[in-house]
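These notes are about the structure you will find just below.
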Amino acid sequence: MVLIRVLANLLILQLSYAQKSSELVIGGVECDINEHRFLAAFFKYQPWTFQCAGTLIHEQWVLGAAHCYKRGLNIYLGMHNQSIQFDDEQRRYAIEEHYYRCDEKLTKWEKDVMLLKLNKPVRNSTHIAPLSLPSSPPSIGSFCRVMGWGIMSSTKDILPDVPHCANIKLVNYTECVAPYPNIPVTTRLWCAGVLEGGIDTCHQDSGGPLICDGQFQGIVAFGRYPCAQPRVPALYTKVSNYTDWIQNIIAGKTTTACPP
């Protein structure tokens, strides 16, 4: 399910890791229909294909991963089965894209955040409701939930019609240093997974939420391929590092969005 990684460019660079912008949750199970009311699905045209996931955090704003952006993205809210449309399913497109450019010292890996303003507000319904930004950080060792329409196998690009969910665990960021020698792994990123292997996010899970202790703590960012390898957790962007920036953008303070 959450095996989201953008492999193409990384394979060209002959790197052993990949962005999760096209992965599914491996080792997961179909999410409960009422478990993911905030989950957004990004589709692109030509050809019409599922791209990534995102999280509805406000009636008119979706938070995702910057590496997922494509021109002309269609954003679906309230979707569960891609083949069966709910009556309250809503389709939107972005009229504004915002990227974190506040700290030039940060690498692209540390600011893989994208905030999209929808063309019109989304109506709350049976299958749609926003997810709040975190009020406090989780502890290392916390159990977290990941979800997405990413690939379900670490060896075959098999995409599901329905989102899959899985439980993983926050581990010390040092666990991600060795598996990702080409990424500056810092405390600005969450390192999470199942060290025994078998459960992970993967291709096209990118941009989806990492929910720990009921709070939206991370955004699916990067991981090694094949996904779900033992002692190879994945990396997630820490939402708490960007809450002030997000709130300022939503409030219309685009010229003063960066924290002092």
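Glycine too: its Cβ is placed from the backbone N, Cα and C atoms.
Listed in Swiss-Prot:
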| type | residues | note |
| --- | --- | --- |
| DISULFID | CYS31-CYS165 | disulfide bond |
| DISULFID | CYS52-CYS68 | disulfide bond |
| DISULFID | CYS102-CYS258 | disulfide bond |
| DISULFID | CYS144-CYS212 | disulfide bond |
| DISULFID | CYS176-CYS191 | disulfide bond |
| DISULFID | CYS202-CYS227 | disulfide bond |
| DOMAIN | 25-251 | domain 'Peptidase S1' |
| CARBOHYD | ASN81 | N-linked glycosylation site |
| CARBOHYD | ASN124 | N-linked glycosylation site |
| CARBOHYD | ASN172 | N-linked glycosylation site |
| CARBOHYD | ASN241 | N-linked glycosylation site |
| SIGNAL | 1-18 | signal peptide |
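All features noted in Swiss-Prot, drawn onto the structure.
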residue: CYS102; record: disulfide bond; Cβ contacts under 8 Å, 6 or more apart: TRP245, ALA257, CYS258, PRO259
residue: ASN124; record: N-linked glycosylation site; Cβ contacts under 8 Å, 6 or more apart: GLU59, PRO130
residue: CYS144; record: disulfide bond; Cβ contacts under 8 Å, 6 or more apart: PRO138, ASN167, ILE168, LYS169, LEU170, ALA192, LEU210, ILE211, CYS212, ASP213, GLN217, GLY218
residue: CYS191; record: disulfide bond; Cβ contacts under 8 Å, 6 or more apart: LEU170, VAL171, ASN172, TYR173, THR174, GLU175, CYS176, VAL185, PRO233, ALA234, LEU235, TYR236
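Separating the Cα atoms of CYS31 (disulfide bond) and ASN81 (N-linked glycosylation site) is a whole-number distance of 11 Å. Secondary structure from DSSP puts CYS31 (disulfide bond) in coil. For CYS227 (disulfide bond), the nearest neighbour among the listed recorded positions (CYS68, ASN81, CYS165, ASN241), judged by C-alpha distance, is CYS165.
If you take the Cα of CYS165 (disulfide bond) and the Cα of CYS52 (disulfide bond), they are about 15 angstrom apart, rounded to a whole number.
Other Cβ atoms within 10 Å of the Cβ of CYS258 (disulfide bond), summed over all protein chains shown, number 13. Per-site Cβ counts within 10 Å over the disulfide-bonded residues CYS31, CYS52, CYS68, CYS165, CYS176 peak at CYS52. Of all the recorded positions in the list CYS52, CYS68, ASN81, ASN241, the shortest Cα-Cα distance to CYS202 (disulfide bond) is found for CYS52.
Each residue contributes its Cα atom, and for ASN241 (N-linked glycosylation site) and CYS52 (disulfide bond) these two points are 22 Å apart. For the pair CYS68 (disulfide bond) and ASN81 (N-linked glycosylation site), the Cα-Cα distance reads 21 Å.
For ASN81 (N-linked glycosylation site), other Cβ atoms within 10 Å of its Cβ number 13. Taking only the Cα positions, the spacing between ASN81 (N-linked glycosylation site) and CYS52 (disulfide bond) is 15 angstrom. Taking the glycosylation sites ASN172, ASN241 in turn, the residue surrounded by the fewest other Cβ atoms inside 10 Å of its Cβ turns out to be ASN172.
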